[in-house]
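Undergrad: Would you mind keeping the following structure in view while I ask a few things?
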Amino acid sequence: MNYFALIPAAGVGARMAAGYPKQYLPLLGKPMLRHTVEAFLRSPLVAHTYVVVSADDGYADDVLPADLDGVTVLRCGGATRMESIRNGLRLLASRIGAEDRVLVHDAARPGLTPELIEKLVAEAGAEPAGGLLALPVVDTVKSKRGGTVTTTPRDGLWLAQTPQMFPSALLRRALEEAPDPDAITDDASAVELLGLSPRLVEGHPRNLKVTLPADIRIAEMYLSMESTQ
Ligand SMILES: Nc1ccn([C@@H]2O[C@H](COP(=O)(O)OP(=O)(O)OP(=O)(O)O)[C@@H](O)[C@H]2O)c(=O)n1
Ligand SMILES: C[C@](O)(CO)[C@H](O)COP(=O)(O)O
């Protein structure tokens, strides 16, 4: 069994509003996507990394040149994150075996480390339903429906991170059969819809998703620190 990384990197970064896709923003002088890919290139567990970009992407060839070993750029991005992943899996059907594990990881989470990849694989590599990094909720959680505000018990609540790792055949089936792919914001939820429970593996705050302008400084702070502890 081999482990492959699949990185959706075809988003436009509307909430970042940088004027170009946020995965190419410099963090400590290096493009975000390059930080993200390097976490997988540094991991001895990962056989190969595939990055999905949009067909008209004008940045990826500079950030991930063709002579960079261990990574392949696929120009098959879709209109949503789910579509980009599904298109990537379709292209890779002959290269990734049914029981091989696919680690889907957002380009926009550059704080991932080889140690976090190793932890995910150690704790969920043998799980038939796969697993994902996630963080237990530590704040008090409020719900607002119309004008009514209530407090939701935080026991058992987790915030999903990536990588999210599944046997490739299971992930393919989950994404192909998802009734409303637009409503699915992570891969695990497609697997949950098949009646399965992916394992939650505690991640780390450094693996934040860079979404808003304020996240850039936080990501740079974590990237300047060596340890995940
Ligand atoms: N059509 C899309 C949309 C998103 N993504 C990727 O999915 C990850 C998580 O998405 P998000 O943070 O929402 O990125 P964007 O869609 O770029 O951001 P926004 O929603 O603010 O436009 C990112 O690595 C993004 O590049 C993708 O591959 N294809
Ligand atoms: C996959 C994800 O990063 C898990 O937290 C998240 O669901 C992506 O969400 P977004 O709506 O694309 O920002």
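Placed from the backbone N, Cα and C atoms, the Cβ positions cover glycine too.
Per TrEMBL, the features are:
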{"type": "SITE", "residues": "Arg15", "note": "site 'Transition state stabilizer'"}
{"type": "SITE", "residues": "Lys22", "note": "site 'Transition state stabilizer'"}
{"type": "SITE", "residues": "Arg154", "note": "site 'Positions MEP for the nucleophilic attack'"}
{"type": "SITE", "residues": "Lys209", "note": "site 'Positions MEP for the nucleophilic attack'"}
Undergrad: Of Arg15, Arg154, Lys209, which recorded sites come close to ligand 2, meaning Cβ under 6 Å from one of its atoms?
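TA: Within range of ligand 2: Lys209.
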Undergrad: Checking the recorded sites Lys22, Arg154, Lys209, which are within 10 Å of Arg15 (site 'Transition state stabilizer') at the Cα level?
TA: Lys22
Undergrad: Just jot down the residues in the same chain as Arg154 (site 'Positions MEP for the nucleophilic attack'), at least 6 apart in sequence, with C-beta under 8 A of its C-beta; none if empty.
TA: Val137, Val138, Asp139, Thr140, Val141
Undergrad: Lys22 (site 'Transition state stabilizer') to Lys209 (site 'Positions MEP for the nucleophilic attack'): how many Å between their Cα atoms?
TA: 11
Undergrad: Using DSSP, would you call Arg154 (site 'Positions MEP for the nucleophilic attack') helix, strand or coil?
TA: coil
